[in-house]
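K.L.:
Found this in TrEMBL, in case it helps:
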- 43-68: transmembrane segment (TRANSMEM)
- 130-152: transmembrane segment (TRANSMEM)
- 164-185: transmembrane segment (TRANSMEM)
- 205-237: transmembrane segment (TRANSMEM)
- 244-263: transmembrane segment (TRANSMEM)
- 305-326: transmembrane segment (TRANSMEM)
- 333-351: transmembrane segment (TRANSMEM)
- 357-373: transmembrane segment (TRANSMEM)
- 380-402: transmembrane segment (TRANSMEM)
Amino acid sequence: MTEADRSGLLLKLPASTIITSPPPDTGLLQTTRRRFEGWSRSGYARAAGLFLAVRVVSVAVLAGMSAYRNLPFGDRLRSWDGWWYLQIAEHNYAGVQNPLDIDGNAFADAPYGFFPLYPMLISLVGKTGLPLPAAGVVVSTLAGVAAACALYRIGRLVASPRAGLVLVVLWSGAPMAITESMVYTEALFTALAAWALVGVLERNWALAGVATMFAGFTRSVACVLIVVVVFAAVLAAWRGERRWPALGAAVLAPIGLVGYWGFVAARTGSWAGWQDIELRGWNTRFDWGREAIEWIPRTLLRPDGAFPTLVALLVIAAVVLAVVSIRRLSWPLAAYGLGALLLVLCSAGLPFAKVRFLLPAFVLLIPIALGLAKRRKSTAVAVLAAYVLAGAWFSAYSLTVWKYAI
């Protein structure tokens, strides 16, 4: 049969019998593209972008100051607590090499002062082939993006999308926010705490309970978050607001912190095992604020240098913001911020680290965010730019010039 005969036969066949190639399925691609474009224009994408932009500035300042002082830049990102987290991620708790207490004596239980979730995530990311220090920075960065999205949502719930974006910049550019790009837990804990508070504000009890549980596997300040979430959940259940989900959150919330403290207690043979490790390992203890009350006035009245003075002033500023927050914020946010601040003030042993300890108390920044969000855009941008540069300098100074623990 010639080509012409085949063409003629094809024309004589009914249309229903002609087999043609199916058109490409573009529905899924178009839907995916629309969703991505929608997300890229959303406040969450802007929040993530602002967080990453501020982090780039901060890391660049640290790199410059490290080079100026002839210090290895990579070592700055994994210094102090970072060493412990990397050791745990690589060798597990029992395999940490040469753990010492504050006096330089061998102390096998010292690694148990660090909570397990963060080093576990570093280890998981490291299985992709990334060096563990890089894996730690990746975990912190991704957690920071998650935290930025949660902070944006809280700001939007409290006031407006613009307030949410300002809050993201304030947190990611704060003094000592460099730890959000280091092998430290600030970004991870803040992400979990912020999403837990989103759950409370929106009555999403599954989110609140699960996020608080994982926060308890990250840092001890989760005790404040647990109190807020459990009280809010029990109150909602008592009022008949989705009773069983609320009670479920109340049960889930303390599992992480209580579970890890219980594990350490069983290992050490003491109910206060974790607190004992903190005392022997770092001389960290709960003193009801005595050290802060003595140290802050002494620092301000005696020439101890610029860095201690700035730390003292920043702690005082946090107290002022807490007072303002109590008046302007809903009780779950105000209670969490006040509780986190009190825990910082009432803990002794590392006075110069108090600024870093305040990073998870991000709600204290909300009154500033609300004020700046009402200003002209040019004014807000100028203030935030100066704030970010000052925070970047403070962070870099603490890692390149300051010789003590941060």
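Along the chain as shown, the residues are counted starting at 1.
Here the Cβ of each residue, glycine as well, is placed from N, Cα and C on the backbone.
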K.L.:
Can you work out which residues elsewhere in the same chain, 6+ from the ends of the transmembrane segment (205-237), have a Cβ less than 8 Å from its Cβ atoms?
P.N.:
115-118, 185, 188-189, 192-193, 195-199, 243-260, 274, 332, 335-336, 339-340, 343, 357, 360
K.L.:
Decide whether the stretches the transmembrane segment (305-326) and the transmembrane segment (130-152) have at least 3 CB pairs under 8 angstroms, with pairs required to be 6 or more apart in sequence.
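P.N.:
Contact between the transmembrane segment (130-152) and the transmembrane segment (305-326): absent, because fewer than 3 Cβ pairs are under 8 Å.
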K.L.:
Do the transmembrane segment (164-185) and the transmembrane segment (380-402) come close, with at least three CB pairs under 8 A (pairs 6 or more apart in sequence)?
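P.N.:
Between the transmembrane segment (164-185) and the transmembrane segment (380-402), contact is present.
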K.L.:
So which of 130-152, 244-263, 333-351 is most in touch with the transmembrane segment (357-373), counting Cβ pairs under 8 Å?
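P.N.:
Result: 333-351.
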K.L.:
List, by number or range, the same-chain residues at least 6 past the transmembrane segment (333-351) whose CB is under 8 A from its CB atoms?
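P.N.:
Answer is 154, 158, 193, 197, 201, 221, 223-225, 227-228, 231, 278-279, 282-292, 295, 308, 311, 315, 318-319, 321-322, 325-326, 357-358, 360-364, 366, 405.
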